Amino acid sequence: MSSHLQRIRLHPWYSVAIVAWTAFCHPGMFGALNAAGEETASLSNVVNAVTFGALTVGGFFTGIICNKIGTRWTLVLGTLGYAPYAAALYTNAAFGNKQVLLQWFPILGGLTCGTSGVFLWTASGAINLVYPPVQERGRAVATKFTLQNFASSLGGMISLGLNIRQSQAGRVSDSTYFVFISIMALGLPAAVTIPQPHQVVRRDGSRVSAHRFQSWKMELAGLRRTLGLKSFHILLPFLIYWVSLYGLFPHRFNRANGHQQWDLSYMWTWNAQYHSVRARALLSTLFYLIGPTFIGPLQGYLLDNAKWSRKSRARVAVVSFTILTLLTWIYGLVVQYQYDKQTTIIDITDPVFIKSCLLFILYGLIENSAMVTGYWIIGSLGLDPGSVATFVGLATAIGSAGSTAAFILGACNVSLIWQLWANVITFLVSVPGLLYTGFNLVTEDAVIDAATTHVDWIDTAETNEAISTREKNNVHSVTEASLSS
């Protein structure tokens, strides 16, 4: 490899771009495939239980595994399980599930997808929150979700194209499945090329701190210390709300016959129950395209605005997110109670559809805002690289457990009004912890830079204990000695 290409490969934003590409190819294409419509409802209960079980259990340990094998191979593992699941969806849609092998294939696909997904999300967070300079990590996180959501919007566009002139759903062609599955296979070769942390060279010549794996016993002790951090306890309600109610994978199972669309999320159940096929396809496209794809990058830029201190940015971010989300849920309650009296399916030609468009655009905006803000907050706690990976893995586990609860609500046929109130209540419970963290626990850029910039190998245990001490003694001040390398 030439020296010029090597410099490009070792630049932090090369790794950020690869993370965004894997997000496009895997969770993004997964959402696109499901948005386009499959007939997998017969096995949805079992498959979801397997998928989220793998995510919940795996999230507690993927941070440790990431610290052992490195972010590159963690990301590689994260790219392996999506294509088999997509293939299972294809076989279920094309051939049904009457044969024993075809019944087990989606379940196996759910296991591979859940196992792979938790590695992908852990590696993505560990890279975006450590590799780039401190002043660029908001944009790094936003870039990932921009490409991921743009990919998911393609599914809505395909479904809209299939159904724009008809009231019944058109089946996605086999070639569409093959294209999506092929794209899912493209993440793996790209993931192999990212450098390990100690190889990355930032623009100013600084290098990324590399976590030193000592033993499994020490890593488990580090996991316990991360679980004991005050910031983790306070953020716990937000982590449940942040990941679970929207899901780590955009939407799950849709019936292509136009009568039913099932999803773990209230938003997608609401979309399916009140709207025609082409209306829900348009809403799906708007959900992913407007807020996440167009407005998301602006949020990342504002989070990195060096004109304000990081603490000031954090306070503005959490207050703005809280107000926007609260107003959106209030509007959602108003629309839900109005639509609860709706006796006919809403189509794109109906005047009331304007309400649906506005609400779903807002839902997409707060969904993406929650993800970007959440990751940026985690990256602002002053954690070292090993602890960042552990924290992100735990967030995935907690959120997946919350997704299981949301799945149970849907499976028990809980009314949409009560599903909505579950979302609202979970959000309200999460607000105090989020605000407290944003106002009191976020550190300044210099502290974060010291924790993630290479001087010598980092002692994770010493770093975590320093963070705990700072949180207990004075949450309003940051001492330079608290995160010494």
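Keep in mind that glycine also has a Cβ here, set from the backbone N, Cα and C atoms.
What TrEMBL annotates here:
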TRANSMEM  12-33  transmembrane segment
TRANSMEM  45-66  transmembrane segment
TRANSMEM  73-95  transmembrane segment
TRANSMEM  101-124  transmembrane segment
TRANSMEM  176-194  transmembrane segment
TRANSMEM  227-249  transmembrane segment
TRANSMEM  281-302  transmembrane segment
TRANSMEM  314-332  transmembrane segment
TRANSMEM  352-378  transmembrane segment
TRANSMEM  390-410  transmembrane segment
TRANSMEM  416-436  transmembrane segment
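When each of the listed stretches 45-66, 101-124, 281-302, 314-332, 352-378 is scored by C-beta pairs under 8 angstroms to the transmembrane segment (12-33), 101-124 comes out highest. Scored by C-beta pairs under 8 angstroms, the transmembrane segment (73-95) has its highest count with 101-124, from the stretches 45-66, 101-124, 281-302, 352-378. Only residues 6 or more beyond the boundaries of the transmembrane segment (352-378), in the same chain, are considered here, and those with a CB under 8 A from a CB of the stretch are 125, 128-129, 137-138, 141-142, 145, 149, 235, 238-239, 241-243, 246, 267, 271, 274-275, 279, 282-283, 286-292, 295-296, 299-300, 303, 314, 317-318, 321, 324-325, 328, 331-332, 335, 338, 346, 388, 391-392, 395, 434, 437-438, 442.
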